[in-house]
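Here is the structure we will look at, set down as structure tokens.
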Amino acid sequence: MNASTAYEQVSPVVPSWLNKGDNAWQMTASTLVAVQSMPGLVILYASIVKKKWAVNSAFMALYAFAAVLICWVLLGYRMAFGDELLPFWGKGAPALGQKYLISRARVPESTHRREDGTTETVEPWYPMASLVYFQFTFAAITLILLAGSVLGRMNIKAWMAFVPLWLIFSYTVGAFSLWGGGFLYHWGVIDYSGGYVIHLSSGIAGLTAAYWVGPRLKSDRERFPPNNVLLMLAGAGLLWMGWSGFNGGAPYAANIDASIAVLNTNVCAATSLLVWTSLDVVYFGKPSVIGAVQGMMTGLVCITPGAGLVQSWAAIVMGILSGSIPWVSMMILHKKSALLQKVDDTLGVFHTHAVAGLLGGLLTGLLAEPELCGLILPVRTRGAFYGGSGGVQFLKQAVAAIFVIAWNVVSTTLILLFIRLFIPLRMPEEQLVIGDDAVHGEEAYALWGDGEKYDATKHGRNASLFGEETAESPYVNGARGVTINL
């Protein structure tokens, strides 16, 4: 049998342009990225926070995932990947029509004229529906990562308003500018899979949001232990394994560049985790599980802007730097900076995503390999390490980072100030003291402890289920509860 017959039109559902392998991989990659958010980050957030904020933190991620999808198909996708409205923004329109979704995927403003006079447009060999959903998963995880900066105190109603507004007025700008055929795309800035569009954006916007929302309670800032370290590792594991779809799906095809990207992603993450853990052992005398997760995260973030464009030895170099530079910024510089001390970034998203994402973008400008760049980029380029025009590429990476940082600071500020006119950004004090029970009327665990109102009918003497005499716990400064006098 001739292999070419696999791509012949055999029915209306298998048009001649459809590559079944590419389509299958793109849908698989989309699912892997979706699993990073739901349930990956939902589990990670629910377990890495103090027990009294487990439900609220999980719900913020869950809500963002659902809200982004609806806003994406109604307006957002075509603002990021549709026809040009401005050099940094596309024309918003629904991505719901049958004719539109079953047609061949295409990014209309990506048409680029090569030096030899020919033109090239991003046109994957699968339907538009696959591309719309794949890019949704990127948009969703960006908002969920941002949420990590404001866990434990942001008014849930304010968050519900913030998600669609930030998606429309901030995320789509970065996505169109760098991926959808905007001015940075045609200028030749490299962002292979979201080091700037996703991670630098979420880190900077998260820090900005944390500033405007305000800090957690003093008691929460001083003591905020994970309520379930093992469950936290499960969420982190889903995040790491899902990153193969994150970076492996970026070429829009099941090609050799996707293979390079998947390998480099895992090599960099493993290196970064080991370096971060080693630094913890050297400076603190013991390895930290939370530190290992943070090191894993910074490695995954750092490789993202250049995953399919750097050699694997360079992925190790990037892993060494992503396991050390963000570590220094979080463990040393953070404590010396008055601004960073004032702003309460709950999960340190600024360090794990903004610092690591910026680092990855700049390192891509140094280490991008010319032949790998030629496989996927519209502009022939190379990193500064390879000579030639590589120095110019590094400068382009720096300028693009400045644009992304500035846009996210301004847009996030304006969005939150607008919401503040109608909804308080921070929870009232009584909710901050109690947590999930006050905000949602639900708790993560059916145990009386930190975050639950004391009720003498349930928790006082003689309130035991089995009738035993009970007494208040003497540990009033720690987790509250009851003791049973046997």
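Each Cβ is built from the backbone N, Cα and C atoms, and glycine gets one as well.
Here TrEMBL flags 24-445 as domain 'Ammonium transporter AmtB-like'. Under the heading transmembrane segment, TrEMBL lists 24-46, 58-80, 132-151, 163-184, 196-214, 226-246, 258-277, 289-307, 313-334, 346-368, 398-423.
Within its own chain, the transmembrane segment (132-151) has Cβ neighbours under 8 Å at 26-27, 29-30, 33-34, 36-38, 41, 45, 49, 53, 56-57, 60-61, 64-65, 68-69, 72-73, 76-77, 80-81, 95, 101, 159, 163, 166-167, 171, 175, 194, 197-199, 201-203, 205-207, 209-210, 213, 246, 249, 345-347, 349-350, 353, counting only residues six or more beyond its boundaries. Looking at the domain 'Ammonium transporter AmtB-like' (24-445) alone, the prediction's average pLDDT is 93.
289-307 is the stretch from 58-80, 258-277, 289-307 with the greatest number of Cβ pairs below 8 Å to the transmembrane segment (226-246). Note: the stretches the transmembrane segment (313-334) and the transmembrane segment (196-214) are not in contact (fewer than 3 CB pairs below 8 A, sequence gap of 6 or more). Within the chain carrying the transmembrane segment (163-184), a Cβ under 8 angstroms from the stretch's Cβ atoms is held by residues 63-64, 67-68, 71-72, 75-76, 79-82, 84, 87-90, 92, 107-111, 135, 138-139, 142-143, 146, 191, 196-197, 201, 205, 400, 403-404, 407-408, 411-412, 414-415, 418-419, all 6 or more beyond its ends.
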